[in-house]
């Protein structure tokens, strides 16, 4: 019972981190903004990495696909 509880807790913690989008780095430009959109199907990617983006934007999973978006300040860094 104990190992199963640890596994469930670990999975919940990881998935909550992925859903909020926190901590996804975009070089030194900032981090990806939170994306709470639930998708039925994904869109074709508009970028594959930050080098594909212009105007200080970064490549993030945003609204069902990878897109160049304006980064936000990382609230964990002071």
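Positions of Cβ are set from backbone N, Cα and C atoms, glycine also.
Listed in Swiss-Prot:
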SIGNAL    1-21  signal peptide
DOMAIN    25-72  domain 'WAP'
DISULFID  32-60  disulfide bond
DISULFID  39-64  disulfide bond
DISULFID  47-59  disulfide bond
DISULFID  53-68  disulfide bond
Just checking, which of 32, 53, 60, 64 (disulfide-bonded residues) has the fewest C-beta atoms within 10 Å of its C-beta?
64
Could you count the residues of the domain 'WAP' (25-72) that DSSP puts in helix, in strand and in coil?
3 helix, 13 strand, 32 coil
Check the disulfide-bonded residues 59, 68 for other C-beta atoms within 10 angstroms of each C-beta and report the one with the most.
59
